[in-house]
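Q: Let me give you the structure first, and then I'll get to my questions.
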Amino acid sequence: MGARASVLSGGKLDKWEKIRLRPGGKKKYRLKHIVWASRELERYALNPGLLETSEGCKQIIGQLQPAIQTGTEELRSLYNTVATLYCVHKGIDVKDTKEALEKMEEEQNKSKKKAQQAAADTGNNSQVSQNYPIVQNLQGQMVHQAISPRTLNAWVKVIEEKAFSPEVIPMFSALSEGATPQDLNTMLNTVGGHQAAMQMLKETINEEAAEWDRLHPVHAGPIAPGQMREPRGSDIAGTTSTLQEQIAWMTSNPPIPVGEIYKRWIIVGLNKIVRMYSPVSILDIRQGPKEPFRDYVDRFYKTLRAEQASQDVKNWMTETLLVQNANPDCKTILKALGPQATLEEMMTACQGVGGPSHKARVLAEAMSQATNSVTTAMMQRGNFKGPRKIIKCFNCGKEGHIAKNCRAPRKKGCWRCGKEGHQLKDCTERQANFLRENLAFPQGKAGELSPKQTRANSPTSRELRVWGRDNPLSKTGAERQGTVSFNFPQITLWQRPLVAIKIGGQLKEALLDTGADDTVLEEMNLPGKWKPKMIGGIGGFIKVRQYDQIPIEICGQKAIGTVLVGPTPVNIIGRNLLTQIGCTLNFPISPIETVPVKLKPGMDGPKVKQWPLTEEKIKALTEICTDMEKEGKISRIGPENPYNTPIFAIKKKDSTKWRKLVDFRELNKRTQDFWEVQLGIPHPAGLKKKKSVTVLDVGDAYFSVPLDEDFRKYTAFTISSINNETPGIRYQYNVLPQGWKGSPAIFQSSMTKILEPFRKQNPEMVIYQYMDDLYVGSDLEIGQHRTKIEKLREHLLRWGFTRPDKKHQKEPPFLWMGYELHPDKWTVQSIKLPEKESWTVNDIQNLVERLNWASQIYPGIKVRQLCKLLRGTKALTEVIPLTEEAELELAENREILKEPVHGVYYDPSKDLIAEIQKQGHGQWTYQIYQEPFKNLKTGKYARMRGAHTNDVKQLAEAVQRISTESIVIWGRTPKFRLPIQKETWETWWAEYWQATWIPEWEFVNTPPLVKLWYQLEKEPIIGAETFYVDGAANRETKLGKAGYVTDRGRQKVVPLTDTTNQKTELQAINLALQDSGLEVNIVTDSQYALGIIQAQPDKSESELVNQIIEQLIKKEKVYLAWVPAHKGIGGNEQVDKLVSQGIRKVLFLDGIDKAQEEHEKYHNNWRAMASDFNLPPVVAKEIVASCDKCQLKGEAMHGQVDCSPGIWQLDCTHLEGKVILVAVHVASGYIEAEVIPAETGQETAYFLLKLAGRWPVKVVHTDNGSNFTSAAVKAACWWAGIKQEFGIPYNPQSQGVVESMNKELKKIIGQVRDQAEHLKTAVQMAVFIHNFKRRRGIGGYSAGERIIDIIATDIQTKELQKQIIKIQNFRVYYRDSRDPIWKGPAKLLWKGEGAVVIQDKSDIKVVPRRKVKIIRDYGKQMAGDDCVASRQDED
């Protein structure tokens, strides 16, 4: 922020902070507004450095001004901020933004007048930019430089990313600076794929050109010799003029700026396009001339959702504006459909409108109408009476008028079904019963269980059923429910449903078609009068004769109705006759295998009483349960069932309807545990890009899967009556209940089994399943893809899973799992942060949740300060005032979320790259991508695993977290780009190799860089003063002392209050650092203090540790050592006495000597000593810590043993007069041991080869024994490629690990010796126990598990190292800032976003990306600099 904050300084900053945002308002400009403005300028591709001067501000205003009229609120705010900043730079006194804008306008008017005056004086009234690509060559000729591919590429990216939003206009203006009409046309041609927008732009240019011709008429007579012709409108647009003419006009004296004029026309057109694509109001949404109706509807509803209006007003907008603002072709069709048409009907009717097929269809209809005009005229004269439609009122039921004109009081409820709670337009009856009357379904609705018949015995094919006459129909068909005889014909739909019919005494074959409204038969003679009629079908319009009241027999069932006769390719029985004979479509359900469920052993079902409910809740529950019982989801039970679970009801959000809830907590406690089949939700960044995508939602997911019959009794519940008027109605579930712990696991398992055959049959379809959400993607064409989707829906329906159309998303964007998916990108669904005056704990929790969700694609989100507000135990409703830091953090997050950010999809063929940046205050942000600037996903890391840490340690933790996340999503780890120098990392890693594993990475120069602020010395500093420090505190009084004694006779003790032993130890170190020189040796007896400081933290939650860190940074050299307490060590004993006087109770000191003696004999642990000798834990732990035999070297963070994955230590130990050869894997503690006949080189070499055959051995570390130094062992090492090293005492790579393991092995052998006859058997038993039955160290692994983990990690790391070598196959040619000659080739060391690091001979340089050309090393094929310079891009 430092660079941005430097825009204003001193008095100017004071002036800035006195200016009000609004006239008479309280808020004033602050530094944060400048920071915000600089970030916004980067978004608009403008240099934020321009804010530092008045001239720069003026340039920014010139770029922003053309887009102000159509720009967003953010653009206006940016313009206002820059205008105010300009006034401050110029020293113009203003009180508020409005006054600043007025002053700015005055300045602009003055500068315009000056420019006009200057033009009049010089005869040059041109406004042409001096930056246009017309340059003078050495011969003095004006030469045109074509617009560069880089500029065109930038323009294409602008259109792709901004999609004709207001930002497009200033970007176009900047990219086309000084361009000729030919250049401008090149720019327009590159985005010619946007046909609708280009059509609008073309119309605008034609209008402007015509206006130019009107205002600039052609002069009469011939053109004088040597004089140029004046440009016409088409010349300016570049259609009738050559490039040479355009250059001549632009460079003549006086010039005619045809490029600027044409650019102005284009900007006018872009403004119109922007208003259409980014409208401010719903009134501005208009369908483009070639825009598909579906795209227009998407834009209309997207804007409609944002409108601040009531639902009634929105309904009116939909009914009128949607049709009114459609293009002429669509409007004609929509008006013909009538006012009651549904949106689906509109979209179907307007599909393909505007294309050649549509025009051909319109022409065919016009011709058919022309040929039919005679018939129409006859009908109009009355020779033919057409069928008159009887108008009937929905409201009062009377004929002769419609409901809209009805004078009777409005009937309550729906006019179609009579039910209350919805209106006619929202009625679902129309969609559900497409057979025109309420025909009964013997198994209930599709996808629901019948109360009379379970799924197990249901038919397994889809069928068309025709009712028999022995089962008479009522008028509505309602009485049929539940009393149906199954003696009727069943026709499966695996083949065309062709049946024999009898009509007019003739036998014919006809197709039963539930999609046809009318019955149409091929040419035949029927008795009676007929009327001419035109009917439309898939093949077009045909003329037919209409016969009324014709008797017909279908499958033995008789019906009388209207029959049409004409040239039909197949005889069709339509719904007008199918309804009469009681034909129904049935969707039988395949049986889903039930999963057996049991209660936990020894437990019985729940017996919780039902609590009292209000009358309205009882009524609501009764109605819900009645419907569920009809659908077979629940069944009534008697008093024999002793179990019960309470139920209650809540109102649905924004609805008057009720929702039933069952409190299954008690049953969940008693039900067996389930293993969740799916452990997390799929992430869109892991999806591969697919050509066609569909998102489905399975309707009533749980209610489609049956519950184990033996378990159903435990789900019993009761609906009580008011005042106990009647006994309660008892039910139990037949299907998976909502809220029961087993439902998710059983549903997921059942759904996976059901989808498995479809997945096998259609391997090209990718199906992501999470609960009832299905994402289906493929690389098929959209038509083929949708065919497959229909097959999938049929497959699901066969198993009883319905698929609601309203949740079937066919077109992008797809809403899935909280994400918004587009064909080539994804984002999180719209996130709006609430604006509140006061914030409760619950509000802040919700806010943090939203920000965490957004952080997976919005880089830079921070929540640390907001989370700090939630520390401690607080009530959810408690109001929390926001700190200044939290307000700033929230404001920054709001800015980040203002601009929508998208992620891309995963490409398995490309590498994953993860880049991490440090944000400060312990917060890190990262992006995972495969191509620069196209993030797969982003995230943040802010976890502090301890109270004291440093940036390197946190960075390592962040890398490990990102690696785990990547393996979960993509199954592989990314390459890392980290803001830390290799030297810094190696320095820290050499000491703390056991902190964590980290994959291969490369350095990226992204400030702020991570560094180690200080380093501790490995050896005592010669000549430096040595401080022996100690501290003591009394637990009861909380009083303490801290002090030091030096080797030069100095000493100091300070009293402390409200302290602890640990604090006093740290305070003593702080005193020593404060009172010492630049170099100091410090000796402490505190393991706690040593552990904190040796980890080299650079931040801590403890103020005292932060003070120590500050002192350490000031020092040149610091050596820190530890000695055991109370051991009579000179300086330590002196300082211990100093700080203990009057503080420590010495009652327990009598037991220390006895405890030490006991420990030296038996090496008992600290817990045993604390119990047996009544010692404080800290003293007992120090006794163990001071025992060299109880310390396993290399296990603690302070260890210095080399623990590379391939290092083993070998040693011989003796037991029972026999030799045991022991090999220890240093990094894991894994042991291989064997009893050998003799301690010879031959036996040792044989053992070593066996070890190398089992494990990857790189280095063996041995002592100088004769068997290890023998020629046989050396030969074995040479053959197996093993390096042999020899140890000496106190060397960091000494024999400490294997010596310790020898003791451990002997200890275990002693424990199991009586179980084995031979020593060699006991040795192998002990090896097994040590390797697999003892857990210790980081992660609680056994030694066997740890060695496998280490080797696997090492293999992964080496693979990553190989990948990074690939970058060395490139060569770089580069230019210095002043020298235009290309230099090179140089070696590429690192490639970043803004710069590259190269090595040219011995020099290492950092060069901006724009000044380099990166190419592959093609050997001698590249001839010279000219060839290289012609290559425009390295990507």
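Every residue, even glycine, has its Cβ placed from backbone N, Cα and C.
Dumping what Swiss-Prot says about this protein:
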- 1370-1417: DNA-binding region (DNA_BIND)
- 631-821: domain 'Reverse transcriptase' (DOMAIN)
- G2: N-myristoyl glycine (LIPID)
- Y132: phosphotyrosine (MOD_RES)
- 7-31: region 'Interaction with Gp41' (REGION)
- 8-43: region 'Interaction with host CALM1' (REGION)
- 12-19: region 'Interaction with host AP3D1' (REGION)
- 73-77: region 'Interaction with membrane phosphatidylinositol 4,5-bisphosphate' (REGION)
- 102-128: region 'Disordered' (REGION)
- 189-227: region 'Interaction with human PPIA/CYPA and NUP153' (REGION)
- 277-363: region 'Dimerization/Multimerization of capsid protein p24' (REGION)
- 489-493: region 'Dimerization of protease' (REGION)
- 537-543: region 'Dimerization of protease' (REGION)
- 576-588: region 'Dimerization of protease' (REGION)
- 814-822: region 'RT 'primer grip'' (REGION)
- 985-1001: motif 'Tryptophan repeat motif' (MOTIF)
- G221, P222: site 'Cis/trans isomerization of proline peptide bond' (SITE)
- W988: site 'Essential for RT p66/p51 heterodimerization' (SITE)
- W1001: site 'Essential for RT p66/p51 heterodimerization' (SITE)
- 391-408: zinc finger (ZN_FING)
- 412-429: zinc finger (ZN_FING)
- 1150-1191: zinc finger (ZN_FING)
Q: Could you tell me what the rest of the chain brings near the region 'Interaction with host CALM1' (8-43), counting residues at least six beyond its ends with Cβ under 8 Å?
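A: Same-chain contacts beyond the flanks: 1, 50-51, 60, 74, 78, 81-82, 84-85, 88-89, 93-100, 167, 888, 891, 895, 899.
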Q: By Cβ distance under 8 Å, which residues at least 6 away from the ends of the region 'Interaction with membrane phosphatidylinositol 4,5-bisphosphate' (73-77) in the same chain are close to it?
A: 40, 64, 67, 166-167, 898
Q: What is the average pLDDT across the region 'Interaction with host AP3D1' (12-19)?
A: 85
Q: DSSP on P222 (site 'Cis/trans isomerization of proline peptide bond'), three-state: which is it?
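A: Going by the DSSP assignment, P222 (site 'Cis/trans isomerization of proline peptide bond') belongs to neither helix nor strand, so it counts as coil.
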Q: Please list residues from the chain of P222 (site 'Cis/trans isomerization of proline peptide bond') whose Cβ is under 8 angstroms from its Cβ, counting only those at least six apart in sequence.
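A: Same-chain residues close to P222 (site 'Cis/trans isomerization of proline peptide bond') (Cβ under 8 Å, separated by 6 or more): none.
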Q: How do the residues of the region 'Interaction with Gp41' (7-31) split into helix, strand and coil according to DSSP?
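A: Secondary-structure composition of the region 'Interaction with Gp41' (7-31): 7 helix, 2 strand, 16 coil.
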Q: Taking DSSP states H, G and I as helix and E and B as strand, how many residues of the region 'Interaction with human PPIA/CYPA and NUP153' (189-227) are helix, strand and coil?
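A: Taking the region 'Interaction with human PPIA/CYPA and NUP153' (189-227) as a whole: 23 helix, 0 strand, 16 coil.
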